Amino acid sequence: MDNDLHLLGNPTVYCCLVAIVWAGADRSREVPSLDAHNSEGTSFVDAPLPDYADAPRPWKRSKQRDKTRQWIASLGASILLLIIVLSPPIPQSLNSQLPTPNSMTKIADLRKNYTQAGLLESDVVANPFEQFKLWFEQAVAADILEPNAMTLATVTAEGKPSARVVLLKAVDDRGFVFYTNYNSQKGVELQNCPYAALVFLWGDLERQVRIEGRVELVSESEATEYFHSRPASSQLGAWASEQSAIIHDRFVLEQRLQQLETEYQNREIPKPPYWGGVRVIPQEIEFWQGRPSRLHDRLRYQLVAGKWQIDRLAP
Ligand SMILES: Cc1cc2nc3c(=O)[nH]c(=O)nc-3n(C[C@H](O)[C@H](O)[C@H](O)COP(=O)(O)O)c2cc1C
Ligand SMILES: Cc1ncc(COP(=O)(O)O)c(C=O)c1O
């Protein structure tokens, strides 16, 4: 928004200043206007062309007026120059920073051969949560963008799959936790069918982790503690957004947020009753490492009679 108000980017400012400079410029060598010529009683058609050197110069301005115009012109030019020199570069919007799309991309030809590492049975630990934490720390160390972003798949009332990305916020031997609005599409789907699948893609490490299992809600006290650890703006966002509902426009959200900001200016923001954590309690966790020739490594942990069993799956 601020960008639009920037002087350097404002064409009106330029037009005004150029108009000032133009209006003030010395144009004393202008030809006489037709009106001025006709005012001497000669018809336009019959009139001889004026001799500029000797022609009467009714349009000639007084020296005082000329000086004032020149002064205005130099003032306009100086302001224009000052704006250009002093204006910081205009921050570009994301849209104008995006690379120009190459319409020649042949999607079917996009592929990568995975060569970085292998995953042997001897490389992994017996507890899949510990193995996950090890890989997660390696993803963090590799500077992967949002390493805790994971695709969450749920099932609709009609038995159709439905997926979106959420953020992992906690993991321990009980499971994998994310936070959301319980009245959202995913929230309603999980109430109807309390099973979910999670997928992490850590592309720079040529790794994928798949998790499947039952879900449970985290305790109110755990959810409240996490809610209050979030930035105040995110806490208000949870109140402002009726997640997954159709809204008229963006203004609806911004207006709600503004009202909430005023309402909770000097007060603690309570956790909305419909907002909290969901824990996916895994029945299966698969660690996938990309290998050449599409002969990837897949090690799957499965909970069998309370014990984690590890199997290698064909890629
Ligand atoms: C990187 C990323 C992280 C996200 N994290 C969350 C999250 O932790 N919780 C959440 O409710 N939505 C999150 N979202 C938004 C969801 O993808 C989704 O748009 C929203 O939850 C509504 O989904 P639903 O209508 O299927 O319930 C995230 C989106 C992205 C792209
Ligand atoms: C709508 C929504 N809710 C919750 C979250 C969870 O993350 P955080 O608690 O860091 O805001 C996200 C993350 O993107 C989100 O988009």
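Keep in mind that glycine also has a Cβ here, set from the backbone N, Cα and C atoms.
All annotation found in TrEMBL is predicted automatically rather than curated by experts.
Pulled from TrEMBL:
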BINDING   ARG164, VAL165, VAL166, LEU167, LEU168, LYS169, TYR179, THR180, LYS186, GLN208, GLN243, SER244, TRP288, ARG298  FMN binding site
BINDING   LYS169, TYR226, ARG230, SER234, ARG294, LEU295, HIS296  substrate binding site
DOMAIN    137-261  domain 'Pyridoxamine 5'-phosphate oxidase N-terminal'
DOMAIN    275-315  domain 'Pyridoxine 5'-phosphate oxidase dimerisation C-terminal'
TRANSMEM  6-25  transmembrane segment
TRANSMEM  71-90  transmembrane segment
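What TrEMBL annotates, mapped onto the structure for a quick look.
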residue	record	Cβ contacts under 8 Å, 6 or more apart
VAL166	FMN binding site	ALA149, MET150, LEU152, PHE178, TYR179, THR180, LYS186
LEU168	FMN binding site	ASN148, ALA149, MET150, PHE176, VAL177, PHE178, LEU198, PHE200
LYS169	substrate binding site	ASN148, VAL177, PHE178, TYR179, TYR226, GLY277
ARG230	substrate binding site	none
SER234	substrate binding site	none
GLN243	FMN binding site	THR180, ASN181, ASN183, SER184, GLY187
TRP288	FMN binding site	LEU119, ARG207, GLN208, VAL209, ARG210, HIS296, ASP297, ARG298
ARG294	substrate binding site	PRO315
Mean pLDDT for the domain 'Pyridoxamine 5'-phosphate oxidase N-terminal' (137-261), rounded to an integer?
98
Intrachain neighbours beyond the domain 'Pyridoxine 5'-phosphate oxidase dimerisation C-terminal' (275-315), with Cβ under 8 angstroms and 6 or more residues off its ends:
112-121, 124, 126-128, 131-132, 135, 169-170, 174-182, 187, 190, 196, 198, 206-218, 220, 222-223, 226-227, 238
Alpha-carbon spacing, LEU295 (substrate binding site) to ARG164 (FMN binding site), which is rounded to whole Å:
28
Select, from VAL166, LYS186, TRP288, LEU295, each of the binding-site residues with a Cβ positioned under 6 A from at least one atom of ligand 1; if none does, say none.
VAL166, LYS186
Considering only the binding-site residues ARG164, VAL166, LEU168, TYR179, LEU295, which possess a Cβ situated under 6 angstroms from at least one atom of ligand 2?
TYR179
Run through the Cβ atoms and count how many others sit within 10 Å of the one on TYR179 (FMN binding site).
20
Which of the three DSSP states, helix, strand or coil, fits VAL166 (FMN binding site)?
strand
